[in-house]
2 protein chains.
Amino acid sequence: MRTAFYISDGTAITSEVFGHATLSMFPVEFNHQTIPFVETKKKAMEIKRLIDSTAESCGERPLVFFTFVNPELSEIILSSQGVCYDFLALASKVVKKELNVDPVPKIHRTHSIHEASYDFRIDAVNYALANDDGANIKDYEQADIILVGVSRSGKTPTSLYLALQYGIKAANYPMTEDDLEKGNFPSCLLPYKHKLFGLTINPERLSAIREGRMANSKYASLRQCRIEVREVEMLFKRHKTPYLNSTSHSVEEISAKIISETGLTRRKY
Amino acid sequence: MRTAFYISDGTAITSEVFGHATLSMFPVEFNHQTIPFVETKKKAMEIKRLIDSTAESCGERPLVFFTFVNPELSEIILSSQGVCYDFLALASKVVKKELNVDPVPKIHRTHSIHEASYDFRIDAVNYALANDDGANIKDYEQADIILVGVSRSGKTPTSLYLALQYGIKAANYPMTEDDLEKGNFPSCLLPYKHKLFGLTINPERLSAIREGRMANSKYASLRQCRIEVREVEMLFKRHKTPYLNSTSHSVEEISAKIISETGLTRRKY
């Protein structure tokens, strides 16, 4: 199998995201290797040797997606037997021409603690944990958004993703059978109706997920799941609460849709 | 302020990561706008008009980082007044030449629920939550890694990031004053010593974080923080537990360093 390397003087997350998006267009399997924090010439030489030995042992030149601030390190990687893409260099040339401003390369510019949004993100994670699953109904004043839905409809991973990636304070509240029977949101949520966003899910998928947690229970039965989903969707419609069906969406997609539909302010780019 | 648009038929996460990394090299402020899920010609036309009106109202052409599977949508964006970068198209041309294989563009290839790793990631998030802060000391058999450190040294956000991004099952256990006085890891951790990874932090930073939670407490005092940090670092050294100082690192950096040092298997690229 051919190898793809993602290399950088920082986390190499940018190299990975770009390289992975590029390679995912091709029907070819790769052995992926990420090598972060290549910050010295010695380390870069070691990686060059690794690329070379990989090329020799596998008989095909590895693809190398890399980005460095220090051009001396780039030179070392470029001298390897890999097929090397210094993908940001080209984009920065075009942007430079357009902005008529020279780049000021600086290490750890992205994905570091020095980003202005960093403390917001950690605060938001702490908030999401403290306000997970209806655990703390007194702090909704602080919430940017409150996700509501039946148990296991995807609220918790979405709250955490919104917090970690975007610094958005997302609480989440599980609509129980009792809440649904009353046919209204519980009183703790009513003052914050404008912050509610619903998640729903296909009953079949919900039942399968609940089976994994409590096999053969009423809770996991398809009948119960159908009732709860129908009632929660009716509630969303009656209150004009925006909602989306999480069944075939990842947390990344659900989060992007929520931000796009609500216009929530992200604290990170 | 000049505007930068990040546009895609999916989440636009790839456009954002690439565009943001490029622009972060320049000492220029931008108004960032992400527009995900542009999946129809009608929507693309609407976005083209938004780009054009932004160009006119602000007097400078917006920078547009975009990627579409459908070339008709690309054409519409390219016909706008923005400075447009179809950044994956170029890379895919080079890769195609190298691999001698045609790309098979498919929508939602990345960041979707269809990635093989998706269920792993959600399982890992559930695991991290159930095993946060020493909550459940019976499931360490399943852990890929167990983060240990004093209270507020960065264990929880790191566990969640490892789970959400990489599908790594990370438990975390807080070393209390009692544990530290005994001078050993608690008995629940001893069978899993090979899975332990320590996080430490500068006492001054720790004290500031703890003050935010419990002002003027013994817990937050610099003296107490110094004692705990000294003792936990001695313990890590005595047991040859790998550890790192989280003080000036983001969760992204801490996670990348942990994976790189331990050789943990990631379930997502």
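Positions of Cβ are set from backbone N, Cα and C atoms, glycine also.
Database features (TrEMBL):
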| type | residues | note |
| --- | --- | --- |
| BINDING | A:Gly149, A:Val150, A:Ser151, A:Arg152, A:Ser153, A:Gly154, A:Lys155, A:Thr156 | ADP binding site |
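Where TrEMBL records a feature, it is marked here on the structure.
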residue: A:Gly149; record: ADP binding site; Cβ neighbours (10 Å): 27
residue: A:Val150; record: ADP binding site; Cβ neighbours (10 Å): 27
residue: A:Ser151; record: ADP binding site; Cβ neighbours (10 Å): 17
residue: A:Arg152; record: ADP binding site; Cβ neighbours (10 Å): 20
residue: A:Ser153; record: ADP binding site; Cβ neighbours (10 Å): 27
residue: A:Gly154; record: ADP binding site; Cβ neighbours (10 Å): 25
residue: A:Lys155; record: ADP binding site; Cβ neighbours (10 Å): 28
residue: A:Thr156; record: ADP binding site; Cβ neighbours (10 Å): 22
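Residues from the set of binding-site residues A:Gly149, A:Val150, A:Ser153, A:Lys155, A:Thr156 situated with their C-beta under 8 Å of a chain B C-beta: A:Thr156.
Those same-chain residues not listed among A:Gly149, A:Val150, A:Ser151, A:Arg152, A:Ser153, A:Gly154, A:Lys155, A:Thr156 yet with C-beta within 8 angstroms of the centroid of the ADP site C-beta atoms are A:Asn172, A:Pro174, A:Leu199, A:Ile201, A:Ser246.
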